[in-house]
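**Student:** Starting off with a structure, shown below.
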Amino acid sequence: MLDKIVIANRGEIALRILRACKELGIKTVAVHSSADRDLKHVLLADETVCIGPAPSVKSYLNIPAIISAAEITGAVAIHPGYGFLSENANFAEQVERSGFIFIGPKAETIRLMGDKVSAIAAMKKAGVPCVPGSDGPLGDDMDKNRAIAKRIGYPVIIKASGGGGGRGMRVVRGDAELAQSISMTRAEAKAAFSNDMVYMEKYLENPRHVEIQVLADGQGNSIYLAERDCSMQRRHQKVVEEAPAPGITPELRRYIGERCAKACVDIGYRGAGTFEFLFENGEFYFIEMNTRIQVEHPVTEMITGVDLIKEQLRIAAGQPLSIKQEEVHVRGHAVECRINAEDPNTFLPSPGKITRFHAPGGFGVRWESHIYAGYTVPPYYDSMIGKLICYGENRDVAIARMKNALQELIIDGIKTNVDLQIRIMNDENFQHGGTNIHYLEKKLGLQEK
């Protein structure tokens, strides 16, 4: 097993990684910015290293500082968590070149899956169903581009090859808008991602967001751990996640899961990963692969009993998967609500000091967070301050538990989205299951009905 690792992240995921390390007897090094000295995992880690001032670019995105911290503490590996440098192929490469283990896939795999055009090509080759599209980057010949759009059928969506998180994409509903949309998306992509390559896909009007969790050891073994539904979104950011996805039959799960597991072997994948799909009219359409642990990984852990962070650590230590596909069983249902420090009306971040805090509890209730009474939420980072996960023997029980847990949760001193989450849990359409990715924005009046 690994002797000592650097946790190159902050907040709830850093604490989650630290807990897994402690259970496995792995020593921990918490690297942190000057604003994060009082973070829970920093207070609990075996060693701490301040890697720079508050802004992310000078601390959590500072590659030389993170690698130096590993060197001076004698760590053997670096866990990137999610966000920050977790899907940065150059970081993964520099970590390995410096003689450390990157807890995640190889740099070339991150690069392959990070570029949407090469990722789609690799998935098609592996037999994973993809959205009908241009099968490569768009050129300057508008006659050819119009022909592609006609073949796919309007509406289409123009996407930046290096994009993500809802940025660098435009919906086009007819020939008249096509040329301008391509040039505008190119300009946007160049500015945001330093890559003006764009491609075209069929635009699905009312899809759900369903994703498959995978684990692969890089030694020819891979498994899928059922699916999650993350359709409750606002501005392409997930708000509520659940597992398994409502209405997905065991046959459908096996069909898509086996293809994802095979794709992992085909591309030489190592670690935890997630295949994201749009799901409409009983069909899956691959959109991207996240080559890291996801925010919503706990709902999968709750229904399968598999500790995904521990598996990441074991795989990084060179061990084969500790679980076989036939040992993965889906039991019950889990729902996760992301708790954000934000104004519930404007959705603007709400940093500040937490004056009073009480975590919910009870059977089947899990609270993943770094906050405590007296903790000051800094203004420099993502607004998510916790995740509330509730498990039940079925979906109705999980939702009922979540309603109670949200009512129990007390966070005073800052504004949060707890009331929004209570509204979602009480929403009839959510309770019925299977709402699409536009549902929440329409409910909130952020999108035309």
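Backbone N, Cα and C atoms are what each Cβ position is placed from, and that goes for glycine too.
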**Student:** Using only what Swiss-Prot says about hydrogencarbonate binding by Arg292, Val295, Arg338, identify which of Lys238, Lys262, Lys403, Lys415 is listed for that site too.
**Tutor:** Lys238
**Student:** Between Lys116 (ATP binding site) and Glu288 (Mn(2+) 1 binding site), what C-alpha distance do you get in Å?
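**Tutor:** Cα-Cα distance, Lys116 (ATP binding site) to Glu288 (Mn(2+) 1 binding site): 7 Å.
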**Student:** Anything within 10 Å of Glu276 (ATP binding site)? Look among the binding-site residues Glu288, Asn290, Arg338, comparing CA atoms, and list what you find.
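**Tutor:** So far as Cα distances go, the binding-site residues lying within 10 Å of Glu276 (ATP binding site) are Glu288, Asn290.
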**Student:** Among Glu201, Tyr203, His209, Arg338, these being the binding-site residues, pick the one whose CA is nearest to that of Asn290 (Mn(2+) 2 binding site).
**Tutor:** His209
**Student:** Out of Glu201, Tyr203, His209, Glu288, which of these binding-site residues is nearest Arg338 (biotin binding site) by C-alpha distance?
**Tutor:** His209
**Student:** What is the one among the binding-site residues Glu201, Glu276 whose Cβ has the most other Cβ atoms less than or equal to 10 Å away?
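**Tutor:** It comes out as Glu201.
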